[in-house]
Amino acid sequence: LCCECGQAHPLLDNHLYNFQDEVDDELICHICLQPLLQPMDTPCGHTYCFKCLENFMQEYSFCPMDRKKLSFQQCHKSSLLVRNLLDKLVVLCPFKAECQQTMQRCELEAHLQNRCPGFKKYKSELQRKKNPISKGKEDPPAKGETSTPKDPEVSSGGSSLVAESSGAAVVSLGTAEPGLVNPAFEETEEGESLGQKWSYRTSLVAETTTIEIHREDPEEELGMRIVGGKDTPLGNIVVQEVLRDSVIAADGRIAPGDHILEVNGVNISSVTHCQAVSFLRHPGPVLHLMVLQEKGFSNKTAQQDSSATNREVIHVTLVKRDRSEPLGIKLIRKTDEAGIFILDLLEGGLAAKNGKLSRNDRVLSINGQDLRQGTPEAAAQIIQTTESRVNFVILRQPGVQLGEPVEDGSTSNSSSSSSSNGGSPVHHRRRPDQNHYRRKSNYQKKTVAIKKEPKESLGITIGGGRDNKNKLPIYVTSVQPIGCLFRDGRIKRGDVLLSINGIDLTHLNYYEAVSALKSNAASHSVTLKALEILSLNSPEPSLDIREQGFSWSPLWITWLGLPSYLHFCQDIVLSKGNLESWGFSIVGGFEESKGNQPFFIKTIVPGTPAFRDRKLKCGDEIVAVNGVPAIGMSNSELIPMLKEQRNRVTLTVVSWPGSLV
């Protein structure tokens, strides 16, 4: 909590206050709609908060009210009279449970530091929490010495993606991520065969590493946005964005596209989005993150074989319905050990349902062909050309348990193709009616009509706007304890505002929406239409408790269920050379057991056209390819369409901001 105002807000944002009485409109900033702080006058006669105006002028060169040309250097401090009037506004102590005092705004900081029993209690509790939290997280149970091989089985029931030989093993993703559009493994125009090219074609290299993050303030934001979770098609938790001047940015080792596998020893590769946010928002001075970072393509060959001592050889047979059916296996190659290893089994895939293969198994042979020195590409070729029975001989480290078979229809969304089929078409599926496009309906419409005094404010703050980086609809960021909407109680934080008194808000930018709300708030009656975002299928109804100390915005997963008319689609044009990969992987699409699911960008490979363009982000939803809608397509239909585009492709995408942690 801020030591000056006693409330939670980002370091660079304005202080927050609970005012006892309605504040005169002349003392309100027309950017943040709150009473002015460090007021600044413009040459055209308008007054704004210093920070509000400074942030606005970084993007625009005009006055927010009359749009006259303006530069920040032309503005000056308001008169002493105005500043004194603002400082004398009466505010309530934010610790109302322990302290019911009121005081002038300028006296609040001294009250908190010297007289407030609530703030004193908060500081002493925070001090007591620091050491117990950090000790509990730095020494998680069942963690061996650094030289001890890591057991992939963890308490959460998921399996670690760490290679068995090291806690920071380097692996080579020789076959694509599910749906990775990767012409590097296709036959060239010169007619080279796959067999001829295996010796020098590149593989996708990724590195699993543990990163220790230190925070002076245990409750400070990490400063990154995340997407994904087992309740989404992405499956894993992926970093979408790293914010400037944040703890993560200052550390410099985590980048967009990294997969977060563990937080303080807890495996989060198989948790819901809300659970992952909760783990990452947990306070503490030290945070241990295990991440999988893609490093781009490399043609580095595998090194010498390692000993197979104390391992067991297991025979597994998988039966395909036809040649094109994928097994749902992600195969990798390690740079420190020869051979091929199973990195992951896609939920709902043939291998996962069979339940006999496991993560980190080493593949010795497939259908009698020796793969002890083989590559993932060679294994994929064998699997693709097999009509029915695929016989594996694998080497397993003792103690690795088999995964439970998964029943049809009970899995989370996943790609319908896998790395083991190299992007070949999957079993043909009937396309349903277009109306069968299913999203989780996690919202409900509501109309709020209220009577009010003409000078009574609505008492809300808003975010979003079509001028926002992510082109978001207007949503409520807070309902202040003053104003008619707080008294009415039906408009809540997180509601998406659709209209006020018949004026459509869905296509307005932030400042247009502020103006529309202010002008209509002056009338005797106000009718608001809104969408309420309902709690998703998560054990906790919301994350409000964990959001203390964080700037509030809706979680990424809440945006996914909004109706399509609130989506803002943008075209991203990518260009590449003949032998380049587009450099991104996709998940989602039509599946018989789940119907139509959106397509999402799961990974973006460093050094590729998608990476260099910088516009495409992990978690973006693909709506169309070259104008052709993706709705109703399966993964095996969309991938060939992408591969057919030789040098240029236009992706129509919807981009939602990841959850801030």
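Note: Cβ is positioned from N, Cα and C throughout, glycine not excepted.
Not measured: the values here are computed from a predicted model.
Noted in TrEMBL for the protein shown:
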- 29-67: domain 'RING-type' (DOMAIN)
- 127-161: region 'Disordered' (REGION)
- 210-295: domain 'PDZ' (DOMAIN)
- 315-398: domain 'PDZ' (DOMAIN)
- 402-450: region 'Disordered' (REGION)
- 409-424: compositional bias 'Low complexity' (COMPBIAS)
- 426-443: compositional bias 'Basic residues' (COMPBIAS)
- 447-532: domain 'PDZ' (DOMAIN)
- 571-657: domain 'PDZ' (DOMAIN)
Touch test for the domain 'PDZ' (447-532) and the domain 'PDZ' (210-295), at least 3 Cβ pairs under 8 Å: no
Secondary structure content, the domain 'PDZ' (571-657) (per DSSP, counts of residues): 15 helix, 32 strand, 40 coil
Averaged pLDDT, computed only over the residues in the domain 'PDZ' (315-398): 82
Residues in the domain 'PDZ' (210-295) grouped by DSSP into helix, strand and remaining coil: 14 helix, 33 strand, 39 coil
